[in-house]
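Take a look at this one; I'll ask things after.
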Amino acid sequence: MATANSIIVLDDDDENEAAAQPGPSHPLPSTASPEAEAPSSSEPHGARGSSSSGGKKCYKLENEKLFQEFLELCKTQTADHPEVVPFLCNRQQRAHSLFLASAEFCNILSRVLSRAQSRPFKLYVYINELCTVLKGHSAKKKLNLAPVATTSNEPSGNNPPTHLSLDPTNAENTASQAPRTRGSRRQIQRLEQLLALYVAEIRRLQERELDLSELDDPDSTYLQEARLKRKLIRLFGRLCELKDCSSLTGRVIKQRIPYRGTRYPKVNRRIERLINKPGPDTFPDYGDVLRAVKKAAARHSLGLPRQQLQLMAQDAFRNVGIRLQEQRHLDLIYNFGCHLTNDYRPGVDPALSYPVLARRLRENRILALIRLDQVISFYAMLQDGGEEGKKKKRRARLHGPSSHSANPPEPSLDSGEGPIGMASQGCPSASRAETDDEDDEESDEEEEEEEEEEEEEATDFEEEEDLEQMQEGQEDDEEEEEEEEAAGKDGDGSPMSSPQISTEKNLEPGKQISRSSGEQQNKVSPLLLSEEPLAPSSIDAESNGEQPEELTLEEESPVSQLFELEIEALPLDTPSFVEMDISFFRKQSEEPFTTVLENGAGMVSSTSFNGGVSPHNWGDSGPPCKKSRKEKKQTGSGPLGNSYVERQRSVHEKNGKKICTLPSPPSPLASLAPVADSSTRVDSPSHGLVTSSLCNPSPAQLSQTPQSQPPRPSTYKTSVATQCDPEEIIVLSDSD
C-alpha cells in the first residue's frame with residue numbers, strides 16, 4: 001500500500017508539474033512533495049521519476065523565463081500593435097504542457113530571442129515562426145480532459161482516505177501508460193536516427209558533381225536524392241504522429257490561402273476550399289473554378305444569372321492564379337539550393353562584379369520566358385484543337401442520321417411536299433439542330449434554283465434574238481417552198497382540193513368553218529387510230545441528210561382528205577407541246593379539239609405537228625391567250641418538248657394521187673406520249689432545257705418569242721422553214 005501510495009504521489013506530482021502554469025504560489029507544493037516522498041521510494045522507477053521531474057522542472061522554469069524576455073522585447077518593439085503580446089500569450093497557453101517543458105522549446109525560444117535582439121527589423125518574422133511552432137504543438141480538446149481531472153483532484157491529495165479509495169484505478173492507469181510511453185520513445189528515437197541518417201546521405205549526394213553521362217542512368221545522384229527526400233518526408237510525418245503534433249513546418253507552399261474576392265461568403269468559402277484542397281498539388285483551371293461557383297450558387301440559391309456567374313468565375317480564376325504563382329515563387333526562393341548555399345549573402349553575388357556574367361544571366365532569363373510562353377501557347381492550341389475536334393465529332397454524330405434520311409428524292413414543291421415535310425413525317429422526333437440544317441439546305445436549293453432561272457432567262461433572251469435573225473434570213477426560203485407546193489399540184493378542181501390550196505395562202509380574218517365539235521371529234525379519231533410509226537430506216541436516212549421515203553396512200557377517200565385538212569386548220573392552242581411550237585404565229589382563246597388523256601394533256605396526231613398550214617381565224621375566237629414564261633418553260637421542258645425534233649411535211653400529188661410525207665419521231669411513243677402536267681413537274685436542276693449546238697430552236701425557245709411579238713389581227717403566215725433543220729431546208733431548196 002505504501003508503494004502504491006508513493007507511486008500515486010509521484011504520478012500526481014509529475015502531472016501537477018506538467019500542467020502547472022507559471023505563478024508564485026503554485027510551484028511550492030509541487031516542489032515540496034517530491035522532497036518528502038523521494039526517500040520513501042526505494043524502487044528504481046520512483047528514482048527515475050524524480051530525476052525526470054527535476055529535468056522537466058528545470059526546462060519549464062527556463063522556458064518561462066525566456067518567453068517572458070521575448071514578450072518584453074515585443075512590448076517595446078510593437079507598441080503600435082498592442083494585440084501582439086496577448087496573441088502570443090494565448091498561443092503559449094494552448095500549447096501542450098509537455099512541449100512547454102521540453103528542451104526543444106527551450107532551444108527554439110533561445111534562438112528566436114537571440115535573432116530578434118540582433119535583428120529587430122525582422123521581429124515579426126520571428127514572432128510568426130514562434131506562433132507556427134506553438135500552433136503545431138497545441139493541445140487537442142480531448143487531451144485537455146485529463147489535466148482537468150487531475151487538477152480537480154488536487155485538493156483531495158492531502159486527504160489519505162481519498163488517496164486510498166483512488167489507489168486501484170490510478171495504479172491500473174499508470175501500469176497501462178508506462179509501457180506505452182516507453183514503446184513510443186523507442187520508435188521516436190529510431191525514427192530520429194533514421195532522419196539523421198537520411199539527412200547525412202542527402203548532403204553527401206548534394207556535394208557530388210552531376211555528370212552529363214548520368215542523366216539517363218536510373219541510379220544517378222539526383223534521382224537517389226529525390227528518393228531519399230520522399231522517404232524523409234514520410235518519416236517526418238510518422239514522427240509527428242508519434243509526438244502528437246502538427247506536421248506544418250511553416251513552408252510557404254503549405255500555408256492556407258484565404259480568399260475574399262467576391263461579395264458572397266458562400267462562394268468565397270467554396271473557392272478557398274478548392275485552392276487549399278489537400279492531396280496532389282494541382283493548379284485549378286477555369287473549368288474547376290466555374291463549377292465551384294455554380295455549385296455554391298445552386299446550393300445556397302443565390303439566384304445569379306449565368307453571365308454574372310461566368311464573370312465572377314473569370315475574376316476568381318485570375319486572382320487565384322496570381323496568388324498561387326506568388327506562393328510557388330516564394331517557396332522556390334526559400335527552398336532553393338542546399339546546405340552548400342546556406343552561406344550565400346546578397347552582397348557577395350558574383351554577377352555584381354562580372355558584367356559579362358550579369359548580361360548572360362539576363363539573356364538566359366529572357367530566353368527562358370520566351371520558351372515558357374511558347375510551350376504554354378503550344379499546349380493551349382492543342383487543347384483548343386482537341387475541344388474543336390470533340391465538337392465536330394459530336395455534331396457529326398448528331399447530324400449523321402439526318403443526312404441519311406434526307407437522301408430520298410424530293411417531291412414536287414408545288415404539291416406542298418418538300419424536304420422539311422418529309423423529315424417531319426419520317427422522323428417526328430428530330431432534334432432542333434436537324435431541322436435547322438434542313439432549313440439551310442432548302443434555302444441553298446432555292447437560291448440555286450433562282451440563279452438557274454436567271455441564267456435560263458438570260459440564255460432565252462439571247463436565243464430569241466437569234467430566232468428573230470434566223471426568221472428574217474429564212475423568209476426567202478419560205479416563198480420558194482410555197483412556189484414549189486403550188487407548182488407541184490396539177491390544178492385538181494374537186495371540192496376537196498380547194499380548201500387545201502386556200503389554207504396555204506393568206507386567209508382573211510372573217511372566214512369561219514361551220515363544223516360542230518361532235519363532228520370534229522368523229523373526224524379526228526379515225527386519223528389518230530390509223531397513224532403508225534415509221535421504220536428505223538427512215539430515221540437513218542434523215543440523219544444522213546437524205547430525203548425521207550414517201551408513204552403513198554393509194555386508197556385515200558375524199559372524206560379522209562377532208563379530215564386531214566380540217567385537222568391542219570385547227571387552232572394551235574392546245575396544252576401539249578404543239579401549242580408551244582407554233583404559238584408565236586397565232587394565239588387564240590378557244591379550246592382546241594383533241595383527244596384528252598387522263599392527265600389532261602392533249603394527244604395530237606403526227607399530221608398536226610407539221611407547220612405547213614396557216615390556221616384560220618375562228619369567228620368566235622377571243623383575244624390571244626398568253627402564258628407566263630415559267631409555265632411555258634415547264635411545259636416545254638417535258639419529255640416531248642426535249643426529245644422530239646420536228647420534220648418538214650410536204651404534200652405532193654403523183655399520178656393523180658395525194659402523197660403524204662409523215663415525220664419520223666425518234667420512238668413510236670414520242671408522238672403519243674402524254675405531256676406532263678405543270679403542277680406535277682419536279683422543279684429541279686436536272687430537268688433544265690436542252691439546247692442544240694445547231695441552229696435548230698427547241699419548242700420551249702420558240703414558245704417564248706410571242707412575248708416580244710404582239711399578235712397580228714389580220715393575216716397569219718406560217719413558216720415551214722422555222723420548224724425543221726437548216727440542212728433539210730437546203731436539201732429541199734436544192735431538190736428543184
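Using N, Cα and C of the backbone, Cβ positions are placed for all residues, glycine too.
Sharing the features that Swiss-Prot gives for it:
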REGION    1-160  region 'Necessary for interaction with USP7 and ATRX'
MOD_RES   Ser25  phosphoserine
COMPBIAS  28-55  compositional bias 'Low complexity'
CROSSLNK  Lys142  SUMO2 cross-link
COMPBIAS  149-179  compositional bias 'Polar residues'
MOD_RES   Ser213  phosphoserine
MOTIF     391-395  motif 'Nuclear localization signal'
MOD_RES   Ser424  phosphoserine
COMPBIAS  435-485  compositional bias 'Acidic residues'
MOD_RES   Ser494  phosphoserine
COMPBIAS  495-504  compositional bias 'Polar residues'
MOD_RES   Ser497  phosphoserine
MOD_RES   Lys511  N6-acetyllysine
COMPBIAS  513-524  compositional bias 'Polar residues'
COMPBIAS  525-538  compositional bias 'Low complexity'
COMPBIAS  547-557  compositional bias 'Acidic residues'
MOD_RES   Ser557  phosphoserine
MOD_RES   Ser576  phosphoserine
REGION    622-736  region 'Interaction with SPOP'
MOTIF     624-630  motif 'Nuclear localization signal'
CROSSLNK  Lys626  SUMO1 cross-link
CROSSLNK  Lys627  SUMO1 cross-link
COMPBIAS  646-656  compositional bias 'Basic and acidic residues'
MOD_RES   Ser664  phosphoserine
MOD_RES   Ser667  phosphoserine
COMPBIAS  669-679  compositional bias 'Low complexity'
MOD_RES   Ser684  phosphoserine
COMPBIAS  697-707  compositional bias 'Low complexity'
REGION    729-736  region 'Sumo interaction motif (SIM)'
MOD_RES   Ser733  phosphoserine
MOD_RES   Ser735  phosphoserine
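Quick one: where do these features end up spatially?
Residues belonging to the region 'Necessary for interaction with USP7 and ATRX' (1-160) score a mean pLDDT of 65 in the model.
Listed in sequence order, the same-chain residues six or more apart from Ser213 (phosphoserine) with CB atoms under 8 A from its CB number zero; the list is none.
Broken down by DSSP into helix, strand and coil, the motif 'Nuclear localization signal' (391-395) contains 5 helix, 0 strand, 0 coil.
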Using DSSP and three states only, what is Ser213 (phosphoserine)?
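Assignment for Ser213 (phosphoserine) reads helix.
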